[in-house]
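J.: The structure that follows is given in the form of structure tokens.
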Amino acid sequence: MKKTVTAVALLCALSSTAIAPTFAADDDEAARLKAIEEYRKQIADGNPSDLLAMEGEELWRTPYGPKNQSLEQCDLGLGPGVVKGAAAKLPRYFPDTGKVEDLESRLMTCMERLQGVERQKVIDSPWRKGEKLRMDKIVAYIVTESNGEKIDVDMSHPKMKEMYELGKRMFFYRTGPFDFSCATCHGKDGQRIRLQELPNLTKHEGAAAGWGSWPAYRVSNSQFWTMQMRLNDCFRQQRTAEPIYGSDATIALSVYMAANGNGGVMLTPGIKR
């Protein structure tokens, strides 16, 4: 009997010890989130992406390529040359190509048609160098012109619906030696890696926050990342084959995220740790 009482007392003591830190942990979590939010506000003041956007606007207006033409007649979906609000409505179906295109793939179409810059030249260029660096700067300019706009991706066309379903399948597809998918990190509420919260991209709130804040400047490596680069890095982390730049794979994933985030607000370029 004495042993039983002692065991029960010990169990209660251990239980109390285990339960007590829960409240402290909750307090610590709230304080941590508040501190991170304050940090993000501070680093967002004077986003370095603004410098790239200024260069991108100049590149948009400057004649270039074999045809020595600017991109000022590029139709991003709202009419030739209209940049304001265009990124908030991408990806979208374009009748002139018969395809669904995101921002980068549409820009490659314009570069090829207007300037004579071959699409493959952009695809083959290393990240943040050559034609891809030019692309990054132009992307920074265009998404800046949609900052504060509502995410408004038109899903009415059948090809957009097809892309959404393809993107959804890819999002949940497990691959690589670690056997995980996009959903492993971004398919549940309340997940994080170290200090980084992971938005649930299957729900509106998470998709709006995730999609609506990319492209972004990454403070940790002092680099501007487009959505194409961000998605490629996800594949790299899966230790699987990275998709071709501007391929249907990345466009489909973008359609899935953007459609889930419809109605949210574009805060682009974002700024990340």
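Cβ atoms here come from the backbone N, Cα and C positions, even for glycine.
According to Swiss-Prot, the feature signal peptide maps to 1-24, an assignment based on experimental evidence. Positions annotated as disulfide bond by Swiss-Prot, on the basis of similarity to another entry: Cys74-Cys110. The domain 'Cytochrome c' annotation in Swiss-Prot covers 162-273. Per Swiss-Prot, heme binding site is recorded for Cys182, His186, Cys234, and the stated evidence type is similarity to another entry. The substrate binding site feature in Swiss-Prot is assigned to Arg230; the stated evidence is similarity to another entry. Residues or ranges marked as active site, cysteine persulfide intermediate by Swiss-Prot on the basis of similarity to another entry: Cys234.
Could you give the neighbours, burial and distances for every feature on this list?
T.: The number of other Cβ atoms within 10 Å of the Cβ belonging to Cys110 (disulfide bond), over all protein chains shown, comes to 21.
Per-class residue totals from DSSP over the domain 'Cytochrome c' (162-273), listed helix then strand then coil: 48 helix, 18 strand, 46 coil.
Using a 10 Å Cβ-Cβ cutoff, His186 (heme binding site) registers 20 neighbours.
Cβ contacts within 10 Å of Arg230 (substrate binding site), excluding its own Cβ and spanning all protein chains shown: 16.
Around Cys234 (heme binding site), a 10 Å sphere centred on its CB holds 17 further CB atoms from the protein chains shown.
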J.: Cα-Cα separation of Cys234 (heme binding site) and Cys110 (disulfide bond), in Å?
T.: 27
J.: List the Cα distance (Å, whole number) between Cys74 (disulfide bond) and Arg230 (substrate binding site).
T.: 25
J.: Where the distance is taken from Cα to Cα, which of the binding-site residues Cys182, His186, Arg230 turns out closest to Cys110 (disulfide bond)?
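T.: Smallest Cα separation from Cys110 (disulfide bond) among Cys182, His186, Arg230: Arg230.
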J.: Provide the number of Cβ atoms within 10 Å of the Cβ of Cys74 (disulfide bond), excluding the reference atom itself.
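T.: Other Cβ atoms found within 10 Å: 23.
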J.: Could you measure between Cys182 (heme binding site) and Arg230 (substrate binding site) for me? Cα positions, answer in whole angstrom.
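T.: So the Cα of Arg230 (substrate binding site) lies 12 Å away from that of Cys182 (heme binding site).
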J.: Whole-number Å distance between the CA of His186 (heme binding site) and the CA of Arg230 (substrate binding site)?
T.: 14
